[in-house]
Amino acid sequence: MANAKQVSGKLEWRINVPDGTSNVVVPESDQLVNKTWLWLKGLLCGPILIIWRFLYKAWNLGVAEPKKAIHGVKVGLSLLIVSFFYYMRPLYDGVGGNAMWAVMTVVVVFESTVAGATLCKCFNRAIGTFLAGSLALGVQWIADKSGETFQPIIIGISVFLLASAATFSRFIPSVKARFDYGAMIFILTFSLVTVSGYRVDKLFEMAYHRLSTIAIGTSLCIFITMVFCPIWAGSGLHDLIVRNLEKLADSLDGCVDEYFKDDKTKLGNEEDPSKRMQGYKCVLNSKATEEVMANFARWEPAHGRFNFRHPWKQYLKIGTSMRKCAYCIEALNSCINSEIQAPDYLKKHLSDVCMLLSTNSSEVLKELVITMKTLTKSSKIDLLIGEMNLAVQKLQDSLNSLPNSFIGPTVSTLQAPNDANKETITKTAIPSLMEVFPLASSAYLLIEIAARTEGIADAVDQLAGLTEFELAMDENSKPKKPTSNSTSDIQDHETMKTLPKV
């Protein structure tokens, strides 16, 4: 039933439905006004909302990583200083209209994360510009002496030969690693000076102004990046290796705990084991970063705890040893997540010795972390490695005794319902190969992890020898007077030394 009434001079239709509710039909004019308002609101508020979200994310990034914000301030400061060559007349008259090359040099050369990258680019740009400018002036002099007929031919042949040779040199690994940017600048500068010299009379003056402005820009970049909050590639590489060692130890503990602990223990653990287990992926993915940072660190002067000729290449060897260990942890993680699992009674047989080996291996890694952080030789690393090798020997013995532990008579007694006589049946419990294989694979991976952990310790020991780490002395490492029990301790230590290394 439809009822009509007059509201505000407009006719409004109200339709009553059986459940007591009503639907109001809004006039088309009001709908058009509402749509127009929503469209204008979205048009005006949309860009403001996008800008607000961008500023909010930028603020969070600056708070989380203040080094990036500091880098932005340093670049702005460098451009402000170098722009004075345009604003101040004496400086502008000194470098001429080529002052813009100094601004371009600051923009191109100033790197974001490491001081070594800035030093490397400044050196490459300066040397590439100087060599290209010198050769270009020499080629231009020879072309001028050859006459107008042969001048463009000599310039064209020189550009072709030197540009081709410099481009090919960028594919050589040693050149590409350290002088790739310099080769590119050499091609650009030589081609620019040589070709433009065919129409420009004052070629020497142009080359001089270009070289001087680039020297101004590179010097300013080096000064700003080394004086104001310097960010060193060497320190970053050192901290990266330390963090990866910590993540490797946590991943090893997390994998073994996840595999051998029962459900009650897992539920009682407040820390999420998946976060600890995934740390090895950072070690596997850090190879490219380590190589870049090690290359930049070679350009840096002595800073902090690192001397001028610090053996940065040894850090790459440590990283390689860590990745070998991380591959084994990844395989161990695959065994944990495999659909085929060993029975619980087999896991209990090896759980104690496997967790002992895992604990000893992670203690070695954690001791290496302390060694790298303090740059001192550990006084107990040999003892920890000896305990790890002893745990390896125990695990190998447990694996050898695994078949004998479960092959034996199992007595069961059967009795009929209406018979008083008892019948004794002897059975033999033999674990199948499918039951033993997953557990044996995990055990042998732990043995391999121990071997590769010792390889990491050897690489860190080589670094300690190259940089002459001091011996860390603590109360536990001080020599004590021999007692009645000290003889047995020495014998035990000598026994661990004689164990075969894995």
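Just so you know, glycine gets a Cβ as well, placed from its N, Cα and C.
Quick look at what TrEMBL lists:
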REGION    474-502  region 'Disordered'
TRANSMEM  37-56  transmembrane segment
TRANSMEM  68-87  transmembrane segment
TRANSMEM  99-119  transmembrane segment
TRANSMEM  126-143  transmembrane segment
TRANSMEM  149-169  transmembrane segment
TRANSMEM  181-200  transmembrane segment
TRANSMEM  212-233  transmembrane segment
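Residues of the same chain that lie 6+ residues outside the transmembrane segment (37-56) never bring a C-beta to less than 8 angstroms of a C-beta in it. Against the transmembrane segment (68-87), stretch 212-233 has more CB pairs under 8 A than any other of 126-143, 149-169, 181-200, 212-233. If one looks beyond the transmembrane segment (126-143) by at least 6 residues along the same chain, the residues whose Cβ comes under 8 Å of a Cβ in the stretch are 150-152, 154-155, 158, 162, 181-190, 193-194, 197, 203-204, 207, 210-211, 214-215, 218.
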